[in-house]
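The following features are taken from TrEMBL:
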| type | residues | note |
| --- | --- | --- |
| DOMAIN | 12-206 | domain 'Succinylglutamate desuccinylase/Aspartoacylase catalytic' |
| BINDING | HIS21, GLU24, HIS116 | Zn(2+) binding site |
| ACT_SITE | GLU178 | active site, proton donor/acceptor |
| DOMAIN | 219-300 | domain 'AstE/AspA barrel-sandwich hybrid' |
Amino acid sequence: MCSLPVPREPLHRVAVTGGTHGNEMSGVYLVRHWLQAPGELQRPSFSAMPVLANPAATAACRRYMDRDLNRTFISTFLTVRASPEDPYEVTRAQELNQLLGPKASGRAFDFILDLHNTTANVGTCLITDTAHNVFALHLCHHLQLQNPELPCRVLMYQRPGEESYALHSVAKNGLGLELGPQPQGVLRADFFSQMRALVAAALDFLELFNQGMALPAFEMEAYRTVGTVDFPRTKDGDLAGTVHPQLQDRDFQPLPPAAPIFQLFSGEDVLYEGEATVFPVFINEAAYYEKGIAFIQTEKLTFSVPALPSLTPAPTPVP
């Protein structure tokens with residue numbers, strides 16, 4: 001798999017998107033505020049564009065109308081001929097692809113920062129596709145250094161052979177910012193303020209890069225998706241139990257073989273049957289019940305991220 005292109009020119013076309021899921025309120029209300037007062041998103045070398053990604057779902061305070069928008073930015077949907085019968089989110093993904101892309105083209109935006117909340121206890125989670133997204137990993141490292149009091153964990157969601165499907169994949173480079181736990185349809189002041197500060201720090205990083213800051217190599221710790229685990233179910237497909245108290249809220253913590261993961265309604269414990277320790281994330285996420293996911297299994301990795309040299313200044317025109 002090839003690395004994403006590393007920027008060799010200043011990043012001028014930047015977007016901050018919220019409301020990709022219409023009931024994740026921190027991003028919804030930040031973008032609504034910035035649409036009225038965009039000054040916070042301005043930097044000397046660029047002005048980030050705020051985008052309310054899913055207006056219909058936001059108005060209805062629902063995750064989505066017809067299908068999950070943040071799983072729709074793949075060629076199957078982006079390249080199909082538009083039809084009035086298309087699900088709303090397919091039409092909206094095509095509109096966003098025209099506004100911010102087209103995906104995988106030289107005309108795409110330089111960077112997209114996409115804002116999310118989760119009901120799971122992930123704290124501050126920085127979501128990228130793979131370890132090949134070198135520029136995004138440098139941004140993650142910067143946010144970790146700027147916020148030592150926050151466990152800013154990095155999650156790489158893309159599985160081998162899988163196309164990047166998230167909204168931020170439309171741009172040449174991008175990052176998802178996920179804060180939780182926050183209930184769906186609820187706006188918490190602490191997460192609102194924290195997300196606002198993280199967006200400001202991310203834009204500051206882009207400005208420093210544009211101004212010629214060199215980015216040294218470093219060692220990164222991150223979590224890579226390896227699978228999912230569904231709830232125990234009856235033969236009719238109904239829930240037969242729930243997440244075990246010893247697992248609940250332990251996102252990013254080690255889960256060894258034979259540890260309890262579910263508690264059946266009949267009282268028995270269900271133990272983890274994997275052969276190796278994993279690190280569960282998005283444990284008991286409300287939006288994943290419909291997807292048949294009780295938690296996502298990840299493996300913990302440490303790897304080297306290469307340095308990025310400073311941008312070469314444009315030559316001064318000769319009088």
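Even glycines carry a Cβ here, placed using N, Cα and C.
Note that TrEMBL annotation is computational and uncurated.
TrEMBL feature annotations superimposed on the structure.
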residue: HIS21; record: Zn(2+) binding site; contacts (Cβ under 8 Å, 6+ apart): ASN54, ALA57, ARG63, TYR64, ASP68, LEU69, ASN70, HIS116, ASN117, ALA287
residue: GLU24; record: Zn(2+) binding site; contacts (Cβ under 8 Å, 6+ apart): GLY18, ARG63, LEU115, HIS116, ASN117, THR118, GLN182, GLN184
residue: GLU178; record: active site, proton donor/acceptor; contacts (Cβ under 8 Å, 6+ apart): HIS116, ASN117, THR118, VAL122, THR124, CYS125, LEU126, ILE127, LEU155
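Neighbouring residues of the recorded Zn(2+) site, listed in sequence order and excluding HIS21, GLU24, HIS116, comprise GLY18, GLY19, THR20, GLY22, ASN23, GLY27, ARG63, ASN70, LEU115, ASN117, THR118, GLU178 (Cβ within 8 Å of the Cβ centroid). Secondary structure of the domain 'AstE/AspA barrel-sandwich hybrid' (219-300) per DSSP (helix as H, G, I; strand as E, B; remaining residues coil): 3 helix, 33 strand, 46 coil.
Taking the domain 'Succinylglutamate desuccinylase/Aspartoacylase catalytic' (12-206) as a whole, pLDDT averages 96 in the prediction.
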